[in-house]
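Below is one structure, written out as C-alpha cells, with a few remarks after it.
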Amino acid sequence: MSDNGSPAVLPKTEFNKYKIGKVKSTPAIQRDAKTNLTYIKLRKRSSEKVYGCTVFQNHYREDEKLGQGTFGEVYKGIHLETQRQVAMKKIIVSVEKDLFPITAQREITILKRLNHKNIIKLIEMVYDHSPDITNAASSNLHKSFYMILPYMVADLSGVLHNPRINLEMCDIKNMMLQILEGLNYIHCAKFMHRDIKTANILIDHNGVLKLADFGLARLYYGCPPNLKYPGGAGSGAKYTSVVVTRWYRAPELVLGDKQYTTAVDIWGVGCVFAEFFEKKPILQGKTDIDQGHVIFKLLGTPTEEDWAVARYLPGAELTTTNYKPTLRERFGKYLSETGLDFLGQLLALDPYKRLTAMSAKHHPWFKEDPLPSEKITLPTEESHEADIKRYKEEMHQSLSQRVPTAPRGHIVEKGESPVVKNLGAIPRGPKKDDASFLPPSKNVLAKPPPSKIRELHQNPRPYHVNSGYAKTAIPPPAAPAGVNRYGPNNSSRNNRFSGNSTAPNNSRNPVNRFHPETNVSSKYNKVPLPLGPQSRYQGNSNESRYKNSPNDSRYHNPRYVNKPETNFNRQPQKYSRQESNAPINKNYNPSNGSRNMAGDHHQGSRPSHPQFPISPSQGQHQLTSKPIEKKNGSFKDERAKPDESKEFQNSDIADLY
C-alpha cells in the first residue's frame with residue numbers, strides 16, 4: 001500500500017504477462033494498528049455454494065410429503081425452471097454429531113456409479129440454509145441436504161394394495177424380469193442392495209420398474225456372481241447381519257451369519273414374487289426369533305442335507321424345531337409346477353443352492369404360457385406406500401355400505417332389489433318351556449315308562465308348543481245331579497242354543513254340559529268328564545282357536561251361525577289329525593250334533609293328544625249318538641264312564657312332573 005493510502009499497484013512481471021483471464025478486483029490490504037500487521041480483508045459472497053450441489057432457493061419447491069424412513073423423508077417437489085415433478089429425499093443430519101450420515105454417503109456414491117434403466121437415477125444434490133462462514137464448528141448445523149430423484153407415479157407396495165389394480169400373470173412375469181435385470185446389474189458391479197422389498201421398487205408412467213433406496217447397499221468382496229454361485233462366495237469377508245427389513249430377511253441373516261453373499265437379495269426377490277399373489281408380505285414375524293419360526297413353518301426345518309452349515313451358526317437352536325414345508329399347499333392354487341419350482345429355488349434355505357439373478361432370468365417359468373407382456377399399462381391413479389392406509393379405509397367403508405345379498409334360495413330378477421320380500425306373519429318360535437329345551441326329568445312330552453301310560457286315563461296337564469300348559473290338570477268339581485243353578489223356569493237361558501238332540505237346550509244345566517250343543521262347564525257338576533273331541537279338558541285348550549269352520553272358533557258367536565256370507569279368516573290347525581295315518585273311528589258321527597273339533601277322532605289315541613295313546617283295556621271314551629234320558633225327574637248319563645279303579649293319583653302326577 002502506498003503512503004497516500006491508495007492500493008498498491010503490482011509491478012508487471014513475466015507471470016502477469018501470461019496470466020489468463022482478467023482480474024476482477026484487487027484485494028485490499030489493511031494494517032492492524034495494534035499489531036502493525038497487514039492482512040487482506042475477505043468479503044462474504046452473496047450465496048455460499050457447496051461443491052457439487054445446487055442451492056435450494058429459487059430452484060425447487062416442496063409440495064406434499066410422500067413418506068418417511070429411518071434415514072430420511074421423501075417429498076414431492078417441482079423444479080421451478082422446467083416445472084417438472086421430482087422426488088426430493090431429505091437427508092437427516094444429526095445435530096449432536098454434526099456429521100453427514102454414512103448411509104447417505106454410500107447411497108450417493110453408489111448411485112453416481114450406476115447407470116441402468118432399472119436403477120433409479122440421481123439427478124443432483126441440493127442444500128439450503130447456508131451457515132455463517134465464521135462459525136466453522138457448525139458447518140452442517142441447520143443445513144438440509146436433498147437428493148433429487150425422478151418422480152415415480154407408483155411403487156410396487158402401493159400397486160399390490162390398490163384394490164382397483166389387478167395384475168395378470170403376464171404382467172407379473174414382466175415385472176419379475178425387470179427386477180432381475182436391475183439386480184443382476186448391481187451384483188455384477190460388485191454391490192449388494194441389502195434392502196429388497198416392494199416399497200423400494202418404483203414404477204414410472206411407462207411401466208418401467210426401478211430399484212431404489214440404496215441406503216443399506218455396500219461394496220462386497222470376492223468374485224462377482226455367475227450362473228451357479230452368488231457374488232462374494234468364499235471370500236470370508238464379514239459384514240453386519242442387522243440389515244434388510246425383517247419380513248424380507250434371509251434365513252442366514254436370521255441365524256446370525258456375517259459371511260453372507262449377494263444371495264440375501266435373491267431371498268428378498270422371492271418374497272416379493274410370492275407377495276404378488278397374496279397382496280401382503282408372506283413372512284410377517286413379530287420378533288427376530290419369531291421370524292425364524294415363520295420361515296421354517298413355510299419351508300420346513302432344514303436338515304443336514306438341506307443346509308449343512310445351519311447348525312454352526314449363532315442361532316442354530318432354531319434348527320431344532322420340527323416343521324413340515326407348506327409352500328406347495330399355500331401357493332399351489334396360484335402357480336403351476338414350474339412356477340412352484342421357481343419360487344422354491346428363490347426361497348431355498350441354503351444360500352448356495354439359491355438361484356442367482358443371472359440364472360433366474362433363464363428359468364423355464366418365463367418361457368411357458370402366458371409369456372411376459374411387452375409393456376405394463378397401469379392406471380393413471382398414483383399408488384404409493386403412503387396410500388395403503390387410505391385404501392384400507394375405502395375398503396372398510398365400501399363393505400359397510402354394501403347392499404345385503406339375497407337369502408339362500410331366492411333368485412333376484414333383473415331390476416329387482418335384492419331384499420327379502422314380505423312373507424307375512426312369521427310363526428312364533430318355541431317358548432322357553434318347550435319340550436326340546438327341557439331336561440328328560442322335567443319334559444312332559446317325553447315318553448314315560450309303559451306302566452305309567454297304562455295307569456293314566458286322563459291327560460296329564462296337556463301342553464302345546466304355542467300356548468304352553470293348560471291351566472289345570474284335574475277337572476274342577478261339578479254340581480250335584482239335578483241341581484240347576486239358574487232355576488228350572490229360566491227359559492231365557494234354556495233357549496239360547498238350538499240343536500238336533502232331544503235333550504233340553506239348557507246351556508247352563510250341569511247335566512247337559514256334555515251335550516254336543518253345549519260346551520259350558522259348571523263347578524257343581526261332579527259327573528266325570530268324558531274323553532272325546534267335545535271335551536273341554538282334552539288336548540290343548542287353544543286347539544279350538546284355528547279350525548276349519550266358524551263353529552270351531554273359540555270366539556264363536558251363535559248369532560252368526562246361520563249367515564254363510566260371514567267370513568271367518570281362521571287358519572287351519574297346523575297339526576291336524578286328518579294328516580295322521582291313524583285309523584278313523586267309524587263310530588264317531590259328526591252329523592249327530594257333534595262338532596268336528598280337530599279333525600276326525602282317531603282310533604287308538606286320545607282325542608287331540610297323540611302323545612298318550614289309550615290302551616284297549618281303558619276303553620275308548622268317545623261321544624256316541626245315544627241321547628240322554630230323563631229318569632226320576634233328572635237327567636242321567638248312560639254313556640260309558642271311565643274305570644273308577646284307574647283314578648288319577650297325586651303320586652302319578654308327582655312322578656310325571
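Using the three backbone atoms N, Cα and C, a Cβ is placed for every residue, glycine included.
Look at Swiss-Prot and you will find 60-366 tagged as domain 'Protein kinase'.
Summarising the annotation, Swiss-Prot assigns ATP binding site to L66, G67, Q68, G69, T70, F71, G72, E73, V74, K89 and lists sequence analysis as the type of evidence. DSSP classifies L66 (ATP binding site) as strand under the three-state reduction.
Annotated active site, proton acceptor per Swiss-Prot: D195, in sequence order. Mapped onto three states, the DSSP output places D195 (active site, proton acceptor) in coil.
Among the features that Swiss-Prot reports, phosphothreonine is placed at T240 (among others). Counting every protein chain shown, 11 other Cβ atoms lie within 10 Å of the Cβ of T240 (phosphothreonine).
Taken from Swiss-Prot, the feature phosphoserine covers S400 (among others).
The annotation phosphothreonine is assigned in Swiss-Prot to T405 (among others) on the grounds of a large-scale study or a structure entry.
Per Swiss-Prot, region 'Disordered' is recorded for 414-657.
Under the heading phosphoserine, Swiss-Prot lists S417 (among others), citing a large-scale study or a structure entry as support.
Summarising the annotation, Swiss-Prot assigns compositional bias 'Low complexity' to 489-501.
Residues annotated as compositional bias 'Polar residues' in Swiss-Prot: 535-552 (among others).
The compositional bias 'Polar residues' annotation in Swiss-Prot covers 564-595 (among others).
Among the features that Swiss-Prot reports, compositional bias 'Polar residues' is placed at 614-625 (among others).
The compositional bias 'Basic and acidic residues' annotation in Swiss-Prot covers 627-649.
The phosphoserine annotation in Swiss-Prot covers S634 (among others).
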Cβ atoms other than its own within 10 Å of the Cβ of G72 (ATP binding site), all chains, total 22
Here the mean pLDDT of the domain 'Protein kinase' (60-366) is 89
Whole-number Å distance separating the Cα atoms of G72 (ATP binding site) and D195 (active site, proton acceptor) is 15
Cα of T240 (phosphothreonine) to Cα of V74 (ATP binding site), in Å and rounded, measures 26
Counting across all protein chains, other CB atoms within 10 angstroms of the CB of L66 (ATP binding site) number 21
V74 (ATP binding site) has its Cβ surrounded, within 10 angstroms, by a count of other Cβ atoms equal to 22
Q68 (ATP binding site) to D195 (active site, proton acceptor), Cα to Cα, whole Å, comes out at 16
T240 (phosphothreonine) falls, by DSSP collapsed to helix, strand or coil, into coil
Least Cβ-packed of the recorded positions Q68, D195 (other Cβ atoms within 10 Å) is Q68
